[in-house]
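Notes follow the structure.
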Amino acid sequence: MELFYAVIFGTMAFVAAGLEFFKPSESQAVNARKDFVAFRLNYVIVYSLMMAGDWLQGPYVYALYQHYGFDRTAIGQLFIAGFGSSLLFGTLVGSLADVSGRKKAALTYVATYTFGCCTKHFNNFYILLVGRLFCGVATSLLYSAFESWLVAEHFKRGFEASWLGTTFSKAVFMGNGLMAIVAGLFAQLLVSNFSLGPVAPFDAAAAVMIAGGLMVLFTWSENYGDSSNKTSLQEQAVKAGKAIIADPKIAMLGAMQSLFEGSMYTFVFLWTPALSPRGETIPHGMIFACFMVSSMAGSALAGSLLSSTSKVRVERYMQAVFGLSAIALFVPVFFHTTTKDTESKAMLGISTSGQIQLVAFCAFEFMVGVFWPSMMKMRSQHVPEEIRSTIINFFRIPLNIFVCLVLYNVGSFPLAVMFGMCSVFLLVCVLCQQRLEYLVHAQSLKSR
């Protein structure tokens with residue numbers, strides 16, 4: 001069975017390398033702007049370090065809580081606290097980023113997440129709970145402040161709008177793909193080979209994020225959503241709400257972001273029981289690596305589709321991305337229509353149905369790799385600059401509500417129902433994307 005995982009990983013690594021190597025060459029205008037190349041490299045390095053800090057923690061959050069002796073209920077409460085914090089404070093934090101400065105927000109991310117890592121040294125539920133609250137705030141900053149700073153700085157320096165896509169794709173390729181694999185392997189090395197315990201990855205994460213914070217401190221300039229810097233948080237929130245209501249393109253982007261990411265987080269919770277419903281022995285680390293290299297391949301494809309020389313419209317190909325994602329997450333429905341087999345004896349190795357689902361899950365992760373830079377590109381085109389962080393975090397409100405509900409009820413519904421629900425959400429994304437394409441086309445006709 002180990003050969004099966006190696007074939008999956010090797011195939012996706014080959015696809016990722018091929019897509020990255022054979023993607024269209026950048027235009028002469030891009031290559032001539034050495035300042036842009038340096039700017040892009042700086043952002044990709046910073047983003048990769050910040051994502052590495054996040055990825056280092058991921059595999060061992062649950063394991064650390066188990067190591068401290070907490071039961072599943074207490075661990076679930078700690079996880080819900082993180083998403084609930086992002087829900088309650090995320091919009092407020094996003095507004096602060098627009099008003100007080102995106103560079104300050106990036107440094108705040110480093111401070112809050114580092115504090116959250118420090119709390120992992122204490123075997124105390126309430127200290128860990130406070131840490132989860134800070135990590136929830138940090139997550140909101142990670143997915144809004146850095147993107148907002150990049151877009152504002154990109155245009156402030158006079159770079160072409162068409163160049164943004166390649167920056168997003170390179171950042172996702174490195175930060176959400178390569179760094180995820182390296183961070184997972186390094187965390188495993190710290191815990192297993194060096195026997196430093198499950199808290200060691202969190203110390204490594206803090207060190208990596210501080211290194212990225214120093215780069216931000218000394219190499220980034222400040223930019224704001226509102227150049228007057230006098231807008232109150234309430235006014236900023238009201239302005240963002242009005243913008244979402246007034247512009248259906250923004251509303252469509254918000255709906256697609258919430259529905260897709262909600263399906264993605266649900267998948268994160270469910271892939272383990274889906275692949276081992278009878279207690280089959282599966283190599284979680286190797287499977288995670290297969291997922292991440294698949295995401296890398298997707299981001300490499302997005303780099304070609306979003307390049308300045310590409311003729312393919314992002315609004316068009318994203319319809320196929322959402323449709324294929326829906327098909328991929330519907331595959332488990334065929335294998336988990338009942339829960340009667342869960343009492344069967346554990347099996348050695350993944351089953352044939354598990355292998356089929358793993359291939360489908362890798363296909364979904366490939367679409368995730370395409371989704372991230374493409375969504376960033378669409379947001380850069382349609383979300384107003386002065387309230388970008390605020391709106392991005394507005395989009396995360398329904399996402400966090402949904403994730404909290406899933407966490408609370410994850411054991412109450414069969415896997416088939418949960419995956420079927422995700423497929424329906426992704427089909428709704430297809431309809432939203434079609435509507436967005438129509439609105440963009442209609443707007444272009446009016447401007448002629």
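Just so it is clear, glycine is given a Cβ too, placed from its N, Cα and C backbone atoms.
Per TrEMBL, the feature transmembrane segment maps to 6-22, 43-62, 74-94, 129-150, 171-190, 202-220, 284-305, 317-335, 355-375, 387-408, 414-432.
Through the fold, the transmembrane segment (129-150) approaches residues 43, 46-47, 50-51, 54, 77-79, 81-87, 89-91, 93-94, 97-98, 102-103, 105-106, 108-109, 112-113, 115-120, 164, 167, 220, 223, 225, 376, 379, 388-389, 392-393, 396 of its own chain, all at least 6 residues removed from its boundaries and within a Cβ separation under 8 Å.
Counting Cβ pairs under 8 Å to the transmembrane segment (6-22), the stretch among 317-335, 355-375, 387-408 with the most such contacts is 355-375. Sequence-distant neighbours of the transmembrane segment (317-335) (same chain, 6+ residues past either end, Cβ-Cβ under 8 Å): 256, 260, 263, 267, 270, 274, 277, 305, 353, 356-357, 360-361, 363-364, 367-368, 370-371, 374, 378, 415-416, 419-420, 422-424, 426-427, 429-430, 433-434, 437. Tallying C-beta pairs under 8 angstroms between the transmembrane segment (355-375) and each of 171-190, 284-305, 387-408 places 284-305 first.
Only residues 6 or more beyond the boundaries of the transmembrane segment (171-190), in the same chain, are considered here, and those with a CB under 8 A from a CB of the stretch are 16, 20, 43-44, 47-48, 50-52, 55-56, 58-60, 196, 200-201, 204, 285, 288-289, 292-293, 295-296, 299-300, 302-303, 369, 372-373, 376.
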